Amino acid sequence: MEEGKFQTDDEVLKGMLSRRFHYAKAHRTSAYHHTFRTKTRWELVRLSLLIVGIECTYATETAFVAPILLAIGLPHTLMTMMWAMPPIVGVLFVPVVASVSDRLRSAWGRRRPVLLVLGIAMLLGMMLLPHGRVIGEAIGLRSVAWIATITTIGLTTTDFSAEASNGLCRTYAMEVCTIQDQARVLSTMMLIGGLGGMLGYLFGAIDWSALPIGQYFESNEAAVFTANWVVLLVGLVSTLTSFAEIPLPVQEEDELLRPVTHFMLQNEVKRMRGDEYTAQTNLTESIGFRQFVRNTVQMPRSMKILCLTQFLSHMGYLPYCLYFTDFVGAEVFGGDVKAPEHTPEFIRYEEGLRFACWGMALFAGCASLYSLVIERLIDRVGARPAYVGGLMAHCVGMLAMGLLRTRAIVLVCCSLTGIMYATIYSIPFLLISHYHSKNSFHMEDGKCVESTEPRGFGADVSMMSSVLCLAQLIVSLVIGVLIDAAGTTTVITYAAGGCTFLAAVSAMAVLYMGL
């Protein structure tokens, strides 16, 4: 006991992990001992490869879904409305998927079985998206309405599965890593996730018909989606076979086979120093659906503010993501998508689209590079300045792009958006992990107050996905109206800048608990 009083928290954590590591190796199976050791950089990369496939999928969707729907024969108004379908499904079912995952008692773990189902759904959706016309004609449904329906089913399946997998993949990675590695795995996911997005945009920049392999595909879009399909499959298999999860029944039966959290660490420190501590550490992540609904409705104030900040962040990012290429083609290059082919206006628009794709690739690359330093930035200046600064970078960039509309400014602003993207896909998830590991969602007199209400970690992470779905729904329904009312796509830059500024203001009120 006296020796424990002089140990630092890091030394106590090292001892806890060491005991569990050797216990798992000696008493159960070597498949679980990895949870209690530090992961190598390559192991973190392997854990993150599914994110590469997901980000590549997002990039391909952004670049090609609109042209595919327009080529079917849909007017722009209906094409824009099609983007509203995935978020409607996402808002309703992403939290439900996460709640089911929290309570899953499979011998394969809680996250991987769900990720496998979602991954298969993504792969099927990616097959439907570029082949809606071919599938419709094959089954005798040749009308525009039926072909659009088949394509939209592919879009909804792919987008919903990708969004649900995005949060669950991060949950899985953090649960099989030590608390010291959680920030590392999130930054690794941002790094190679950005490379996945860049890969998707570069796939779209290739003229596949000019390559020998292009003769095997019915269209350029089919070639791009096939390349994306392969990347997604490799990422799915790699991540799901990386590390075994400790099943929920095993964690319930054996306390030494539960992942070490900040709460458990603090409890152990109190015990060794002779302070008052909780004698029995209970699992609180496996919650029923009724409790899950209650947690969603009655969120702690800290979670409400974090969800609001993430919602406003996505409201600022999505107009750029969905309408950026059209803005560059029409406003920066002075082109016209409705002009006859081979006319100067149409050619300028096509040049603008290609330039925009390179800008989006730059955005993805900058997100990856920034993810390399964001962890050290948080350590040096704290999470609050890093969070607010990342959001303001995008705000300034969007306003500058709307006012100046030059090619150089476009590229600079894409870089700033990469900083914001890396920020909103790392710091909020790190904060949720911080709340759960401390088992606290508010502070009094500068001290964390232990939560008495059980909350699911996976369900709380999925709320970040749900607010994205809600933001996408609103953007899909509102931005088109704003563009028509203003008569110019420049309005998207002002809308994006305004929403991101509000997100930065909201981020000032987020609870950081010393992070």
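The backbone N, Cα and C atoms fix where each Cβ goes, glycine too.
Copied over from TrEMBL:
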- 47-74: transmembrane segment (TRANSMEM)
- 80-101: transmembrane segment (TRANSMEM)
- 113-132: transmembrane segment (TRANSMEM)
- 144-162: transmembrane segment (TRANSMEM)
- 183-206: transmembrane segment (TRANSMEM)
- 226-248: transmembrane segment (TRANSMEM)
- 355-374: transmembrane segment (TRANSMEM)
- 386-404: transmembrane segment (TRANSMEM)
- 409-432: transmembrane segment (TRANSMEM)
- 463-484: transmembrane segment (TRANSMEM)
- 491-513: transmembrane segment (TRANSMEM)
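Within the chain, the transmembrane segment (113-132) has long-range Cβ neighbours (under 8 A, six or more residues past its boundaries) at 50, 53-54, 57, 61, 64-65, 68, 72, 97, 100-101, 104, 106, 147-148, 150-151, 153-162, 164-165, 168-169, 172, 218-219, 221-222, 224-225, 228-229, 232-233, 236, 239-240. Just going by CB pairs under 8 A, the stretch in 183-206, 386-404, 463-484, 491-513 that sits most against the transmembrane segment (355-374) is 183-206. Away from its own ends, the transmembrane segment (409-432) comes close to residues 170, 174, 182-183, 186-187, 189-190, 193-194, 303, 306, 309-310, 313-314, 316-317, 320, 328, 332, 355-356, 359-360, 362-371, 374, 378, 383, 386-387, 389-391, 393-394, 396-398, 400-401, 457, 460-461, 464, 500, 510-512, 515 of its chain (Cβ-Cβ under 8 Å, at least six residues beyond either end). When Cβ-Cβ distances under 8 Å to the transmembrane segment (183-206) are tallied for each of 47-74, 80-101, 144-162, 463-484, the top count falls to 47-74. Among the listed stretches 47-74, 80-101, 386-404, 463-484, the one sharing the most Cβ pairs under 8 Å with the transmembrane segment (491-513) is 386-404.
Tertiary proximity for the transmembrane segment (80-101) is limited to same-chain residues at least six positions away from its ends with a CB under 8 Å from its CB atoms, namely 65, 69, 74, 110-111, 114, 118, 148, 152, 155-156, 158-160, 163-164, 167-168, 171, 287, 289, 292, 296, 322, 456, 458-459, 461-463, 465-466, 468-473, 475-477, 479-480. Non-local neighbours of the transmembrane segment (47-74) in the same chain are 39, 82-83, 115, 119, 122, 126, 129-130, 132-133, 144, 147-148, 151, 155, 158-159, 162, 165-166, 169-170, 172-173, 176-177, 185, 188-189, 192-201, 203-204, 221, 224-225, 228, 231-236, 238-240, 242-243, 321-322, 325, 357, 360, 364; each lies 6+ residues outside the stretch with a CB under 8 Å from one of its CB atoms.
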